[in-house]
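This report concerns only the one structure given below.
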Amino acid sequence: MKPVKVGICGLGTVGGGTFNVLKRNAAEIARRAGRDIEVAQIALRSQNPQCDITGTPITSDVFELVDNPEIDIVIELIGGYTLARELVLRAIDNGKHVVTANKALIAVHGNEIFARAREKGVIVAFEAAVAGGIPVIKAIREGLAANHINWLAGIINGTGNFILSEMREKGRAFADVLAEAQALGYAEADPTFDVEGIDAAHKLTILASIAFGIPLQFDKAYTEGITKLTTADVGYAEALGYRIKHLGVARRTAAGIELRVHPTLIPADRLIANVNGVMNAVMVNGDAAGSTLYYGAGAGMEPTASSVIADLVDVVRALTTDPTNRVPHLAFQPDLLSDHPILPIAACESAYYLRIQAKDRPGVLAQVASILSQRGINIESIMQKEVEEHDGLVPMILVTHRVVEARIDEALAALEALDDVVGKVMRIRVEQLN
Ligand code: HSE
């Protein structure tokens, strides 16, 4: 049988990894796919010194590649929203299947892209868009197809996890660790996407869609980054038996779906609390399977290439199938997606870690307790530290039971209005994940 011809758009970290693994494991991959896979063209802006592309036709124009009649499958690895959207839609219009690692593209333009792909009877595959080398899309979309999925929670940004791990383990400064993540090729082109949670929210949006059968709704995800975390909070969390992780949480409740990315205290003895460095992990809770955990490299050249090529093999195997019998892009049949609403963060429910900087006077703790109890907020534990030399203030750390966020917002406003409380109260959500 003739080889399947693919075109790779972008020869950066993931594109380079994809080219190299396709070449190195060509025979093994062909044994799985049932056909040889040939890279017929690469669109690149500059050479990748880690790849020997001698003999492979190249172009600097991605549209020349997507219009190339020889190419059956386009692999989009240029990233970003605008050009990537244009080239993916054009590839689809040209009747080509698409494999992409672009989480921003899928989270923001996925509904449009999948609708167009259905019209044209082509596949758009995106395993590499979430959690690098972990086949979590396939696990949720296919492996857990029997389940009513209740919730999922994941460490889905390697750069952020690397920063938090290094801060906790070595007391390293934020900026220094971020620079290292950039040098290692983990960070996004705009690193605020990593540290402000935007990249994780892109991935969470995708995971929630395939878990709950809802359209992609990135604009409704609540996103909070890790830049305001202090080493003091990391230490207090530790003393209370928790680790702070930057978590994406999607939970189905009767009122709607929680879709939120924020720093989170997790009990230190949970497996996921011990996922460190650039590693990612996603926990999925389904009614039949219970909790399952997927762990692995969340970024990097070859781990991400592994997912790109797995998609490629899937597409090659499906080339001759009837488009209506393929696994739906978002796991559920497109005309059966649910309109269960995404909840605003004020309606989400969680436990909370609160750090109050208070003056060292009698009665402050009583006032704090009164404000919380008036709003039905139950305190689970409390820790008061000695007066800090530099400002003469007393850090008061509380962990609450679960409560709707709006209640905590009201309590924080009341606490911050107290004469004896100085500055903003630090609030970090707490999840038990059990
Ligand atoms: N910047 C991303 C991360 C790359 O750090 O996880 C993988 O999506």
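Note that Cβ sites are derived from N, Cα and C of the backbone, with glycine treated the same way.
Lifted from TrEMBL, the feature list:
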- Lys203: active site, proton donor (ACT_SITE)
- Cys9, Gly10, Leu11, Gly12, Thr13, Val14, Gly15, Gly16: NADP(+) binding site (BINDING)
- Lys103: NADPH binding site (BINDING)
- Glu188: L-homoserine binding site (BINDING)
- 353-430: domain 'ACT' (DOMAIN)
Revision key, fill the gap. For the domain 'ACT' (353-430), the averaged pLDDT of the predicted model is 95
Check your understanding: Once near-sequence residues are set aside, which residues in the chain of Cys9 (NADP(+) binding site), 6 or more away, have Cβ atoms under 8 Å from its Cβ?
Key -> Gly15, Ile42, Ala43, Val62, Leu65, Val66, Val74, Ile75, Glu76, Leu77, Ile78, Leu87
**Study point:** Candidates near ligand 1 among the recorded positions Gly10, Leu11, Gly15, Gly16, Glu188, Lys203, judged by a Cβ under 6 angstroms
**Key:** Glu188
**Study point:** Chain-mates of Cys9, Gly10, Leu11, Gly12, Thr13, Val14, Gly15, Gly16 with C-beta within 8 Å of site centroid, NADP(+)
**Key:** Ile8, Gly17, Thr18, Phe19, Leu44, Asn48, Leu77, Ile78
Study note, to complete from the structure: Rounding to whole Å, the Cα atoms of Gly10 (NADP(+) binding site) and the residue listed as 'L-homoserine binding site' are apart by 15
Review point. For the binding-site residues listed here (Leu11, Val14), which one has the lowest count of neighbouring CB atoms within 10 Å of its own CB?
Key: Leu11
Revision key, fill the gap. The correct three-state DSSP answer for Cys9 (NADP(+) binding site) is strand
Practice item. Measure from the Cα of Gly12 (NADP(+) binding site) to the Cα of every one of the recorded positions Lys103, Glu188, Lys203, then give the nearest. Key: Glu188
Review point. Cα distance, Gly16 (NADP(+) binding site) to Glu188 (L-homoserine binding site), nearest Å?
Key: 16
Practice item. Pop the Cα-Cα gap between Val14 (NADP(+) binding site) and Lys103 (NADPH binding site) into the table, whole Å please. Key: 13
Point to revise | Secondary structure composition of the domain 'ACT' (353-430) [DSSP: H/G/I, E/B, coil] | key: 23 helix, 29 strand, 26 coil
Revision key, fill the gap. For the binding-site residues Gly12, Gly15, the largest set of other C-beta atoms within 10 Å encircles the C-beta of Gly15
